[in-house]
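J.: Let me give you the structure first, and then I'll get to my questions.
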Amino acid sequence: MPLNRFPCWRYAVACGLLLLLVHVHGQDSVSPIRNTHTGQVRGKLVYVKEGVTGVYAFLGIPFAKPPVGPLRFAPPEPPEPWSGVRDGTSEPAMCLQTDFMRPQISKERKIILPTISMSEDCLYLNIYTPAHAHEGSNLPVMVWIHGGALVMGMASMNDGSLLAATEDIVIVSIQYRLGILGFFSTGDEHARGNWGYLDQVAALHWVQQNIASFGGNPGQVTIFGVSAGGTSVSSLVVSPMSKGLFHGAIMQSGVALLPDLISDTPEAVYTPVVANQSGCEAKDSEALVHCLREKTEAEILAINQVFIMTPGVVDGIFLPRHPQELLASVDFHPVPSIIGVDSDECGWGVPLFMGLDHVIKNITRETLPAFLKSRAEHMMLPPECSDLLMQEYMGDVEDPQTLQAQFRELMKDFMFVIPALKVAYFQRSHAPVYFYEFQHQSSFIKNKDARPSHVRADHGDHVAFVFGSDFWGLKIDLTEEEKLLNKRMMKYWANFARHGNPNSEGLPYWPELVHDDQYLKLDIQPAVGRALKSRKLHFWTKILPQKIQELKGAQGKHSEL
């Protein structure tokens with residue numbers, strides 16, 4: 001080759017390589033491919049923040065084998081490898097469930113929600129990662145666990161795109177088995193239960209093994225969740241099975257001590273009901289489990305409809321003892337935590353879900369004593385405690401509307417606030433705890449007829465401000481003040497994922513729950529509060545238990561006679 005032509009040849013090759021690189025980069029930017037331990041997966045590019053910021057979404061990645069056939073009522077197993085490139089551009093099927101939630105949300109928001117298929121084959125996760133992220137980026141990772149009373153919900157309920165793009169973090173949203181498929185227990189080796197919790201552990205193992213390929217740092221993982229998702233996060237904090245799988249925890253309107261989501265016994269309280277509803281004439285637990293494994297998805301759904309909640313159990317493995325015992329004995333992972341509640345946890349949605357909304361509306365001074373007595377029994381309290389509850393929450397009030405409001409306050413404290421405070425006080429001596437009460441009344445609740453005007457922050461209302469979008473990623477119309485609240489909450493949550501501390505320059509200061517029991521009132525103008533519900537905490541943790549012991553002592557003496 002003549003020497004005078006060599007530079008042209010080299011120039012042509014360089015141009016060709018440049019064009020090839022541009023072409024490959026262009027392909028990657030629209031249709032990214034990432035490696036996992038079990039195969040390659042193709043995602044998609046989505047734009048957020050007025051279409052100027054790109055996020056890669058990888059949807060429906062399997063983190064376990066389909067829990068079907070012999071794997072029904074069994075611990076999850078690692079996923080099978082696949083050849084070729086798996087499509088990760090469409091939402092995964094949600095786990096089998098009775099869909100209580102969607103009609104309620106549609107009515108309240110005045111929106112039409114997308115249809116998502118349902119299957120027992122549902123152990124998948126979604127990943128949202130900034131488009132610039134690559135292996136070695138070492139971005140903080142936040143793993144979202146959806147709520148839904150352990151009977152409903154899905155990974156796709158909350159879209160992590162905007163949070164990932166705004167705060168330059170990796171968001172993972174996981175699914176887990178629900179209802180009886182997720183939590184049925186016979187109390188012995190044939191079906192120990194907590195299958196849904198074991199799914200969550202499996203998902204966290206998958207994150208440790210694979211998230212680096214998506215730009216995440218496996219050594220900087222924060223788990224967060226709402227309602228039953230918060231209960232799940234809190235349960236993972238006390239479970240020996242999750243050691244080393246995460247480094248921070250955020251419990252939003254749910255902790256491991258929520259009364260309806262944990263059973264005191266290894267055998268679930270509803271096991272006889274399952275046996276009866278299933279039509280399984282089984283002589284023992286082994287035969288019952290075998291019979292239930294033979295049921296179709298439709299038959300399982302029919303059994304599920306009986307239950308509005310399915311509690312976890314003390315199985316000796318995921319939960320060696322009751323969460324309260326584990327917390328009291330400091331047998332938990334001492335990771336930094338954010339724990340919080342909404343100001344009107346039982347303002348509307350929870351009573352509606354529990355079928356109590358019409359009953360509450362009919363409360364008067366005359367009907368209240370009998371109603372409180374029946375609720376005390378449901379709360380696993382001696383019926384005689386109803387007088388004490390009446391005295392503490394209602395006093396001499398006669399006005400029906402005030403009585404109804406005070407009953408909702410009682411429900412809120414019993415179900416959410418007191419359990420959250422107890423967990424926070426157990427943990428704060430061993431790791432930083434930041435507590436909040438979300439107080440803002442959202443402007444985007446369209447159907448004011450569906451939700452009473454007196455409700456400020458109902459159960460789960462804060463979630464839209466964490467993700468910057470409504471359910472299923474639907475855009476929300478925020479006021480200018482709400483946009484600032486949204487920006488601040490995203491920053492608090494992301495700061496915590498980065499540093500184990502929500503604070504940074506430019507944000508209202510959020511103190512630890514140490515001096516003067518300080519917490520943050522999350523509203524348009526955040527403010528520091530002190531000793532949230534201190535009197536009620538004393539009532540539920542000191543006065544009421546003492547009264548119960550006195551009643552038991554009196555009953556014991558009576559039985560001796």
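Using N, Cα and C of the backbone, Cβ positions are placed for all residues, glycine too.
Per Swiss-Prot, the feature signal peptide maps to 1-27; the stated evidence is sequence analysis. Annotation source Swiss-Prot lists disulfide bond at C95-C122, C280-C291. Annotated active site, acyl-ester intermediate per Swiss-Prot: S227, in sequence order. The N-linked glycosylation site annotation in Swiss-Prot covers N276, N362 and rests on sequence analysis. Feature annotation from Swiss-Prot assigns active site, charge relay system to E345, H459; the stated evidence is similarity to another entry. The motif 'Prevents secretion from ER' annotation in Swiss-Prot covers 558-561.
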J.: Which state, by DSSP, holds C122 (disulfide bond): helix, strand or coil?
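T.: Where C122 (disulfide bond) sits, the three-state DSSP reduction gives coil.
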J.: What does the structure give for the C-alpha distance between N362 (N-linked glycosylation site) and C122 (disulfide bond)? Integer Å is fine.
T.: 41
J.: Quick check: of the active-site residues listed here (S227, E345, H459), which one has the Cα closest to that of C122 (disulfide bond)?
T.: S227
J.: Using Cα-Cα distances with a 10 Å cut-off, which of the recorded positions C95, N276, C280, C291 are near S227 (active site, acyl-ester intermediate)?
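T.: Cα within 10 Å of S227 (active site, acyl-ester intermediate): none.
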J.: Within the chain of H459 (active site, charge relay system), which residues six or more apart in sequence place their C-beta under 8 angstroms from its C-beta?
T.: S227, S253, D342, D344, E345, C346, G347, G349, V350, F416
J.: Relative to the Cβ of C95 (disulfide bond), which residues of the same chain, six or more apart in sequence, are found under 8 Å away?
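T.: When sequence neighbours closer than 6 are ignored, C95 (disulfide bond) has M118, S119, E120, C122, M154, Q175, Y176, R177, L178, L181, G182 within Cβ distance under 8 Å.
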J.: Between N276 (N-linked glycosylation site) and C291 (disulfide bond), find the distance joining the two CA atoms and give it rounded to the nearest Å.
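T.: Distance (Cα to Cα, whole Å): 12 Å.
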J.: Hey, of the recorded positions listed (S227, N276), which one tops the CB count within 10 A?
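T.: Max Cβ neighbours within 10 Å, all protein chains included: S227.
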J.: Given the recorded positions C122, C280, C291, E345, N362, which one has the fewest other C-beta atoms within 10 angstroms of its C-beta?
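T.: So among C122, C280, C291, E345, N362, the recorded positions given, the one with the fewest Cβ atoms within 10 Å is N362.
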J.: Given the model, what does the mean pLDDT over the motif 'Prevents secretion from ER' (558-561) come out as?
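T.: Averaged over the motif 'Prevents secretion from ER' (558-561), per-residue pLDDT gives 50.
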